[in-house]
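TrEMBL lists Glu69, Asp89, Leu91, Asp92, Asp215 with the feature Mg(2+) 1 binding site. As annotated by TrEMBL, substrate binding site applies to Glu69, Leu91, Asp92, Gly93, Thr94, Asp215. Annotated Mg(2+) 2 binding site per TrEMBL: Asp89, Asp92, Asp215, in sequence order.
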Amino acid sequence: MHTNLPPIESLLELVRNAGDAIMEVYHQDEWDTQLKADQSPVTAADLAAERILAQGLSVLTPDIPILSEEAQIPDWSERQGWARYWLIDPLDGTREFLQRNGEFTVNLALIDQQTPILGIVYAPAKSAFYWGGTQLGAWCLENGLPSPIQTRAIEHTVHLLTSRRHGRKEAEAVAQVLKDFDVNTSAMGSSLKLCLIASGMADLYPRMTPTSEWDTAAAQAILVEAGGVLLNANTLEPLRYNTKDSLENPAFIALGDTSLNLEKRLNSESFNH
């Protein structure tokens, strides 16, 4: 692990505790749901996980600031001086949570110089645990034991992942651009999509509609260590974080196999026809 950071086991335990708090709410018969200013839903599960993560990180790493979806966002004038910070989404996929389909995650990322260097993604309803980062490799928890993961080579078939609510346009564009491949498409919520690419279960996830930085950072750290990329669809450069006042991501492409240069065929212009 990096110097001045707690053992990965302590961070995994913290994220698991946040996931356990989410599942306590998930198993209740009904929930109190509120709408935030942007009309996105927030539940008691979001807030419980936020409290656990914020309190735990403030003890484990008191000198590292925290940026969380469910807490007050510091002004850009303060954030722009951060060299290193935690970026968290206590419950990524609140709509999936509300639909009880299990496709929601806890996302914890450490950003250093605008780049995710450590990421943990936990899907408690699926008992799926992924983590990875610089000097750490990429891992999942399988049958109670850590197993290394890596992206897979694309041969004849591309397994495309899309968002449950925003994927039709992307799927149609990929089918047009990659006519020389068989394209199989699945829809899924949250950052699980990126983790499936990292673990060699899928190949490609383009996203042209808005997402936030806390949606992608943790899984990006894992995906990169597993051999994949998460690229700005306009520049084909890796996504970077805390570079501006807005915390909205650009359109992006997540790809497991970089040897075929498919990203050059799948830039943002491919999705605007």
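One-based numbering along the chain as shown.
A Cβ is built for glycine as well, from the same backbone N, Cα and C atoms used for every other residue.
Because TrEMBL annotations are produced automatically, they should be read as predictions rather than curated entries.
Feature map: TrEMBL annotations on the structure.
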| residue | record | DSSP (3 states) |
| --- | --- | --- |
| Glu69 | Mg(2+) 1 binding site | coil |
| Asp89 | Mg(2+) 1 binding site | strand |
| Thr94 | substrate binding site | helix |
| Asp215 | Mg(2+) 1 binding site | helix |
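Reported as a whole number, the C-alpha separation between Asp215 (Mg(2+) 1 binding site) and Gly93 (substrate binding site) equals 9 Å. Cα of Glu69 (Mg(2+) 1 binding site) to Cα of Gly93 (substrate binding site): a distance of 12 Å. With the fewest other C-beta atoms within 10 Å around its C-beta, Asp215 stands out among the binding-site residues Asp92, Asp215. Using a 10 Å Cβ-Cβ cutoff, Glu69 (Mg(2+) 1 binding site) registers 23 neighbours. Around the Cβ of Asp89 (Mg(2+) 1 binding site), the same chain contributes Ser68, Glu69, Thr105, Val106, Asn107, Ser191, Ser212, Trp214, Asp215, Ala218, each under 8 angstroms and 6 or more positions distant in sequence. Between the binding-site residues Leu91, Gly93, Thr94, Leu91 has the most other Cβ atoms inside 10 Å of its own Cβ, all protein chains included. Note: the substrate site is recorded as Glu69, Leu91, Asp92, Gly93, Thr94, Asp215; in the same chain, Asp46, Asp89, Pro90, Phe104, Thr105, Asn107, Ser190, Trp214 also have Cβ atoms within 8 Å of that site's Cβ centroid. Residues Asp89, Asp92, Asp215 make up the record's Mg(2+) 2 site, and a Cβ search at 8 Å around their centroid adds Glu69, Leu91, Gly93, Thr105, Asn107, Ser190, Ser191, Ser212, Trp214, Thr216, Ala218 from the same chain.
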